[in-house]
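Colleague: These came from Swiss-Prot, pasted as-is:
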- 99: active site, proton acceptor (ACT_SITE)
- 349: active site, S-methylcysteine intermediate (ACT_SITE)
- 119, 123, 126: [4Fe-4S] cluster binding site (BINDING)
- 171, 172, 203, 227, 228, 229, 305: S-adenosyl-L-methionine binding site (BINDING)
- 112-349: disulfide bond (DISULFID)
- 105-344: domain 'Radical SAM core' (DOMAIN)
């Protein structure tokens, strides 16, 4: 069962898939085509209220208003980077806050969404886990992040649309699986936002390997990324406490099951921490771990964005990163050093939210 997670009793209509919206409409005495009209208003015309749906009856609009809200998020802070990255801080109906990031890529507009308010995974280098999980983010609230970013461009008369989505914001997506899957089905719907499945990536730390197997059977063509960050259990446990319950042996058994079932590539995210996990010896361990799986593997080396609360960690030097990369390439591993975005704003995941919460507490003191 999903926990009671908002003070607003009406859910966001964005949380319904098209089939669920049709089912709701029929149950409420409306024809199927009326639900299709609502869907078109939501995702093609992208209206901001039910009253703008001009081909619906007043009675049907009243039904919609009684049952749903449209967009449950309120924009609190917007930070724009010199490189075009935009970071948003949104407030939810129960006054908790989440982050969303827009990144301009050579291939289009990519949005990084948040799936939980806070995080309990306990990664020692990450800003997201500084503030523990308060609740899950509903499917409607996740979709709303995309809609508000798109609104940002629509209002400016810019002919640009969100083309890619990465589920890599605050929280562990597979710890909010039901809402995650509804969100994915909504944004992937060909009659709506029509964001291609292969343009969507979901990242997990692997805290529940069984969820990776379940994801394989849900049979979406969505990309899977694994937050790996270390090639052995001892080092990974020191960085990610979830390794105690999900050691690499269990994690890779699930990953192997996923690739055998789907024949889809897995991306391994590896954050580069100076003096912790960035030596050539550790690079060789990573290569040995991935080598037999290399046909369906890709390693993403990520420059670390320092976090004030985690002063122990510093980003690897460019020289050490290059040496690490070279070891992987010499072993035939598919890899890349990730392009940085938003380095002149609160770039690390969770940083902006943490800073705003501290500011709010200071005002109340």
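Every residue gets a Cβ built from N, Cα and C, even glycine.
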Colleague: So of all those recorded positions, 99, 112, 119, 123, which one's Cα sits nearest to residue 172 (S-adenosyl-L-methionine binding site)?
Modeller: 119
Colleague: Taking every protein chain shown into account, which of the recorded positions 112, 228 has the largest tally of Cβ atoms within 10 Å of its Cβ?
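Modeller: The residue with the densest Cβ neighbourhood is 228.
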Colleague: Take the domain 'Radical SAM core' (105-344) and average the pLDDT across it for me.
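Modeller: The predicted confidence over the domain 'Radical SAM core' (105-344), as a mean pLDDT, is 95.
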Colleague: Relative to the Cα of residue 119 ([4Fe-4S] cluster binding site), which of the binding-site residues 203, 229, 305 have a Cα no more than 10 Å away?
Modeller: none
Colleague: Round to a whole number and give the Cα-to-Cα distance in Å for the pair residue 123 ([4Fe-4S] cluster binding site) and residue 229 (S-adenosyl-L-methionine binding site).
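Modeller: Just about 10 Å between their Cα atoms.
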Colleague: For residue 126 ([4Fe-4S] cluster binding site) and residue 99 (active site, proton acceptor), what Cα-Cα distance in Å is obtained after rounding to a whole number?
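Modeller: Per the Cα atoms, residue 126 ([4Fe-4S] cluster binding site) and residue 99 (active site, proton acceptor) stand 14 Å apart.
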Colleague: Among all protein chains shown, how many Cβ atoms are found within 10 Å of the Cβ of residue 119 ([4Fe-4S] cluster binding site), not counting that one?
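Modeller: Its Cβ has 26 other Cβ atoms within 10 Å.
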